[in-house]
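Working notes, beginning with the structure itself.
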Amino acid sequence: MLCREPRLYSCQRLKEAAKRQGHEMDILDPNRCLLKLSQNPPHFQIFYQENSGSKPYLLPDYDAVLPRFGTTSTQMGCSVLQHFEGKGTFCLNSSQAFLNARDKWKSLQLLLKTGVPVPNSFLSGGEVQAQATIPHISSPTILKMLNGSQGIGVILAEKPQSAVSIMEAFKQTNISMLQQDFIEEAGNADIRCFVIGDQVVATMQRIGQDGEFRANCHRGGKTEKIILSDDEKQIAIRATKAIGLDVAGVDLIRSKNGLLVLEVNASPGLEMIEKTSGVDIAAEIIDYIEINAFINLR
């Protein structure tokens, strides 16, 4: 497992599930990996340094790799994943799918291209004056940093001029922001689906604190059980496939025009959705790896 914080709930649950099913799992920090490319075989080698004073050693051949790195490690994490892919190792998820999911704008493009419904969204180039975007801004509107996570970098602007002021401020630090229609009828609630392969294995509704439009659990929101229709589940599965992921956390919102996909997460947390749904998602992931890594080895 590629993970920078092995003590996190999700990493511990996955390691425990693997052990219960008779597997050994190493947890590797992608930022401690050394990657080597060579014209002569073996073409792809990965070395690992346990700590700053130790000598890097050659990693063994693994049957499967499970990436669980955060947004700050996306570049190196995906480089390590690509190296494992070069070695022919089964990776859940692929490096390209990870990159697709971590780019908020690209993921929206991929979703809409494959017919998955998303909120009306807008992105302007760095040389476009923020004032010129006013005709395209809904009121109120949501502003999102392109690489934010856990609700960080998501801002509600009540009026178009407020949105312009916020964008101008962020532009000074070379941070681009996308705009999305605010789905007022959803209140401060959204839905998280956990998709593995062709199945939605768990769901939960997230509800933000009073006065907080973001429903993320990291922002103090609460969760409760929710049942989705088969059509709603299919939207979550289609969204996962559109990004190229095998395992994903898909965030949905119910609007007056139907269900919309807000985001597709490549490394979704397990804690709140396991505790809310009662589903052993960690075991489901290990089961999926067992089946697909075996096919990959044949």
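Note that Cβ sites are derived from N, Cα and C of the backbone, with glycine treated the same way.
In this model, the domain 'ATP-grasp' (108-290) carries an average pLDDT of 88. Marked as domain 'ATP-grasp' by Swiss-Prot: 108-290.
Listed in sequence order, the residues of the same chain lying 6 or more apart from K144 (ATP binding site) and placing their CB within less than 8 Å of its CB are K104, G153, V154, I155, M177, L178, Q179, Q180. Sequence annotations record features per position, and here Swiss-Prot assigns ATP binding site to K144, D181, F182, D190, R214, A215, N216 based on sequence analysis.
All protein chains shown were included, and the count of other CB atoms within 10 Å of the CB of E263 (Mg(2+) 1 binding site) stands at 22. According to Swiss-Prot, the Mg(2+) 1 binding site annotation covers D251, E263, on the basis of sequence analysis.
Swiss-Prot lists D251, E263 with the feature Mn(2+) 1 binding site. Secondary structure from DSSP puts D251 (Mg(2+) 1 binding site) in a beta strand. With a 10 A radius on its CB, D251 (Mg(2+) 1 binding site) counts 21 other CB atoms from all the protein chains.
According to Swiss-Prot, the Mg(2+) 2 binding site annotation covers E263, N265, on the basis of sequence analysis. According to DSSP, E263 (Mg(2+) 1 binding site) is assigned to a strand segment.
The Mn(2+) 2 binding site annotation in Swiss-Prot covers E263, N265. If you draw a 10 Å sphere around the CB of N265 (Mg(2+) 2 binding site), it holds 21 other CB atoms from the protein chains shown.
There are 18 other CB atoms within 10 A of the CB of D181 (ATP binding site), with all protein chains counted. Other C-beta atoms found within 10 angstroms of the C-beta of D190 (ATP binding site) number 23, with every protein chain shown included.
In the shown protein chains, 17 other C-beta atoms lie within 10 A of the C-beta of F182 (ATP binding site). The shortest Cα-Cα distance between D190 (ATP binding site) and any of the binding-site residues D251, E263, N265 is the one to D251.
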